[in-house]
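Here's the structure we're looking at; comments come further down.
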Amino acid sequence: MSEPVSKNNIKQSTRLQAGSSLFHRQTILILITTAVLSLITIIGITTISIYITKAEITINETTTTTNASTTIIESKFNKWKQNAITMAGGNEKGQELYQLNSPEGIFIDKNRSIFIADRWNHRIVKWKYNAKKGQIVAGGSGNGNRMDQLSFPSDVIVNRQNHSIIIADFNNSRVIQWMNQTQQILIDNIFCRGLAMDKHGFLYVSDWIQGEVRRWKMGEYNNEGIVVAGGNGQGDQLNQLNNPRSIFVDEDQSVYVSDWVNHRVMKWRKDAKEGKVVAGGNGYGGNLNQLYYPEGVIVDDLGQIYVADHGNDRVVRWYEGKGEGEIVIGGNGHGNQLSGPTGLSFDDEENLYVADSWNNRIQKFEIVL
C-alpha cells in the first residue's frame with residue numbers, strides 16, 4: 001500500500017518546490033548577472049582596445065602629419081650651387097677699378113648693382129650687374145678724415161627714398177652720407193661697424209666699443225638715438241654684446257646682431273631688455289652648434305638666419321630655436337671657395353652674395369630651382 005499523503009507532507013513538498021524554484025531563480029539571476037558583467041567587461045576591454053588603437057592611429061597620423069609638415073618646410077629650404085660666379089674683384093688685391101682689397105659690407109639694389117665697402121682701399125665702389133670693373137661712388141681719395149675721404153669703411157647701405165649712400169666710416173668714427181658727390185656727416189663720434197635701415201626709414205648703427213646698437217629716425221640725428229640692443233657694457237650676458245658687427249632688422253623691427261667676440265648671433269625684439277641667442281653661443285669652434293667670429297647676418301622671409309662664419313670660412317643657416325645650424329656654402333677650410341667671408345646679401349631672385357674678404361672678391365651663389 002502506498003503511504004497516505006498528509007497535509008503536512010503537502011505543505012512540506014510545496015515548501016521544497018518553492019525553495020527549489022527560488023534556488024533556480026537565484027541561480028539563473030546569478031548566471032545572468034555574471035553574463036552581463038562579463039559582457040560589460042568584454043565591451044569595456046573592447047572599448048579600451050578601440051580607444052588605444054585609435055590613440056595609436058592618431059599618434060601615427062600625427063607623426064605622419066608632423067613629418068609631412070617638416071618635409072614641406074624642408075622643401076622651402078633653399079639650396080645654392082656651390083660653384084660661385086665672381087661678380088666683383090677676383091683679380092688679386094689691389095686698388096685698380098677691377099680690383100678689391102678686403103671687402104666687407106655689401107648692398108644690392110633693385111638693379112642688382114653691388115655697393116661694396118672696399119675697406120683697405122678706403123672707398124665705396126659700385127659694380128653694375130655683370131660689369132668687368134667698378135666705379136668709385138664715395139671716397140677713393142686716400143685714407144683720411146676729410147669730407148671727401150674715408151678710412152677703412154666697414155659697411156654701406158643705400159637709402160631707397162633718396163638714393164643716398166650711407167657709410168660706416170669705421171676709422172673716422174662717423175656715419176656719413178654721400179649724395180651726388182655731396183657729403184654730410186649724419187652721426188659723429190660713434191665707433192660704428194654695421195648699418196641697417198628698416199621699412200620705416202629708421203637707421204640702425206652698431207657701436208663695437210660701447211657694445212650696443214642704436215636707432216635714429218631718418219633726418220633726426222642731433223640726438224644720441226635709442227639703444228635697441230646691448231647698452232650694458234661689453235660682456236657675454238643676454239643683455240650685453242661684445243664687439244657687435246653686422247646687423248639686420250626684420251619686418252617686426254627685431255634686431256639681429258653678429259656678436260663677434262661672443263661667437264654668437266643675438267636677436268633683440270622691439271623694446272626688449274635682453275636678447276636671445278639664435279645662432280652659436282657655445283664658444284668658438286667649427287662644430288655645427290658653434291660659430292667662429294661671425295660677421296654678416298641676414299634673415300629670409302621664413303625667419304631663417306644666415307651667418308657669414310668668418311673664422312670657419314663658411315656660410316651657415318640657423319633656424320630660431322634649433323640647437324645647431326647647417327652649412328650652405330663653404331666649410332671646406334681656408335681656401336679657394338671662401339676665405340674669411342664678411343658681408344652677405346640676397347638679390348630679388350634669392351641668389352646669395354658673399355663678400356669673400358681674403359680672396360678680395362664678391363661671390364654670387366645661384367639658387368637651385
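Backbone N, Cα and C define each Cβ position, glycine as well.
Owing to the predicted nature of the structure, the values given are computational and were not obtained by experimental measurement.
TrEMBL lists 28-52 with the feature transmembrane segment.
When Cβ-Cβ distances below 8 Å are used as the criterion, the repeat 'NHL' (92-130) is approached by residues 136-140, 142-144, 149-158, 165, 167-168, 170, 178, 194-195, 246, 295-296, 342-348, 353, 355-358, 360-362 of the same chain, each at least six residues removed from its ends. Annotation source TrEMBL lists repeat 'NHL' at 92-130 (among others).
Taken from TrEMBL, the feature repeat 'NHL' covers 284-316 (among others). Averaged across the repeat 'NHL' (284-316), pLDDT in this predicted model comes to 97.
Panel annotation: around the repeat 'NHL' (326-368), residues 78-82, 84-94, 99-108, 110, 112, 114, 116-117, 127, 155, 246, 288, 295-298, 300, 306-317 of the same chain, lying at least six beyond its termini, place a Cβ under 8 Å from a Cβ of the stretch. What TrEMBL lists as repeat 'NHL' is 326-368 (among others).
Counting residues 6+ beyond its ends, the repeat 'NHL' (284-316) has Cβ neighbours under 8 Å at 73, 76-78, 104-105, 245-248, 250, 256-261, 263-265, 278, 323-335, 337-346, 350, 352, 354-355, 357 in the same chain.
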